[in-house]
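Per TrEMBL, the features are:
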DOMAIN    6-86  domain 'Threonine synthase N-terminal'
DOMAIN    94-334  domain 'Tryptophan synthase beta chain-like PALP'
MOD_RES   Lys120  N6-(pyridoxal phosphate)lysine
Amino acid sequence: MSASQTYRSTRSKVDQAVSFEDAVMTGLAKDGGLFVPSQIPKLPSDFLEKWSDLSFEELAFNILRNFIAASEIPDADLKLLVEKSYSTFRTKDVTPLVKLDSHDNLYLLELFHGPTYAFKDVALQFVGNLFEYFLTRKNAAKKEGEQRDIITVVGATSGDTGSAAIYGLRNKKDVSVFILYPTGRISPIQELQMTTVLDDNIHTLSLKGTFDDCQDLVKQVFNDSKFNDKYHVGAINSINWARILAQITYYFHAYFQLVKQLPEAEKKNLKVKYVVPSGNFGDILAGFFATQLGLPVEELVIATNENDILDRFLNTGKYDKASTVKATFSPAMDICVSSNFERLLWYAIKATTAGGDDNKAGEILAQFMSDLSSKGIFEVAPETLAKIKSDFDSRMITNELTGATIKDTYASTSNHYILDPHTAVGIATAQKKMAVDPEAKSTKYIALSTAHPAKFSEVVNESLGGFEGYSFEDQVLPEEFKQLSNIPKKIKLVESTDLATIEAIIVEELSKEKKV
Ligand SMILES: *Cc1c(COP(=O)(O)O)cnc(C)c1O
C-alpha cells in the first residue's frame, strides 16, 4: 500500500496508519479524532486538459483512485461501484451547473438530483455501496455456519441526513440502519421520505425528545464498547471520510462544465470562487481537498446562517461554541460546532505551528479539542488563522435575508428560479461578496445548491406566496413527493430516551432480521 493511500487520526501523536477500509468502516478514530489521508497527491499538471471532457462517473473514478489503494479496491470494482452509485440520479450530468441570469457571473451547482433531493445523496449513494462491497468480501471468506460480519448504522437526523442515509443503505446485504429523529420536529415531507421505505433492514425510530436527545443517544451507543464490538456500530454522518471523498468530484465537474459554457476569451485566466452553505463543514471541506489536488480555485466561501461559529472564527481566530442552537430557516445548518472543521484545522496547524510535522499537529489539535470540551473555546495562533484565510472567506446570513433572497431570485430571474432556504444562504453570501469584490467582473461565482425547495415548503411558500401565479403544487412539488402520502408507513414510536431501551430495540430488530 503506498503512503498516500493510508489514513491517520487528526488527534494522534504517533503515526498509526490505517487502511481506507478501516477508516470507512469505523468512522471515527479510537482517540476521538477524524481520519485524514496521510498524504494528498498532486494531480499531474496536464489534468485540466485531459479531464475536461470526462463524465461525472469518469471523474469520480479518477479522484477516488487517488485516495484508495488498488490493493483495497481494484479498478474494475471501483468502476462498478461508481456506476452503480450514480445510476440512481435523475440527470445524466448528476450535478448540473446552471446560470442565474439575474447576475453576470453567478452560477448554481444543482446537487439535489439524487433519490432524496438533497446533496447528501451524492455521498451516501456511494457510501452504501461501499459498505456492502467490503462486507460481502469479508463474508465470502467465511466458512459455513460462521458468524457473518455486519454493520449496524445508527444515526440521528433533523431532516436530510436520515432520508439520504436510508436511500443509500436500503436493501444492502449485511447492513442494518437505525435512524433516530425527534417526534413532530422534522418536516412532514422529510418524515414521509424516511418512513415510507419498507425494506427489512431500515428502521426509523421516532423519539419523544429533541434532536439533541437523539444525537446524545447515538453517541452513547457508539461509546458503549461492548455493544459496539458485538454489533459493529457504523457512522453515516460526515465524520465518515468516504462522504467527504465522494463530494470532491462535483467541484471538478462544476469547473469543467463552467469552462464549456464560457466564450473562448473568458476561458483564459479564469477565476472561480465556490460558495457553500455550511453546517458541519463536510461539503466545503471536499472543496479544500479539490484545491489540494490541484484544482485552480480562487477562494472557498463559507456561507452560514445565524449559527455562525465558522464566520466568527474567521473573524477572530477563536473557535467559540455557542451555548444553544438557533432554529433557523435552514435547519440542516443549525449546529453549535462544525465537526469537520477539525480536519481543516489539522492541515492548517501542520503547515504553521507544527512545522510540517503530522504528529506534532495531532498533539496541538488534541489539546484544542480538549479545551473545546472543557471550556467551550480555543484560539489558534495568528499564522494558523492566516493560513486558513488564504483559502477561505465567510459570511453570516440572517433569516430575514434568507427569505428576501428566495423572493428576489424568483423575481429577478427570467425563469423564476426557486431556491431552497439553504441555497438562499449561499446566494445571499455570493451577492455580498460580489458587491465588494474588486475583481467581480472577471470572477465566476459557483454557489452550491444543497436541497430541492420542495423539502422546505413553509419558508418557500411564505417568501413566494405573494407573487401572482405562484403555485407550490405546480412549480415546486415533484411528482414523486405527491405519491408519498399514499405509501404505507413503517415507524416505531419510542417513548423513552434511555440507552437501555434503544439498545434493546436495536437487538430485537436485528434478531427479527436474523442478523444476530
Ligand atoms: C447537510 C446540509 C448542509 C450542510 O452541509 P455540511 O456538509 O454539514 O456543511 C447544507 N444544506 C443542506 C440542505 C443540507 O442537507
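Cβ from N, Cα, C; glycine included.
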In three-state DSSP terms, the structure that Lys120 (N6-(pyridoxal phosphate)lysine) belongs to: helix
Overall pLDDT of the domain 'Tryptophan synthase beta chain-like PALP' (94-334), taken as the mean: 94
The domain 'Threonine synthase N-terminal' (6-86): DSSP-derived helix, strand, coil residue counts: 33 helix, 9 strand, 39 coil
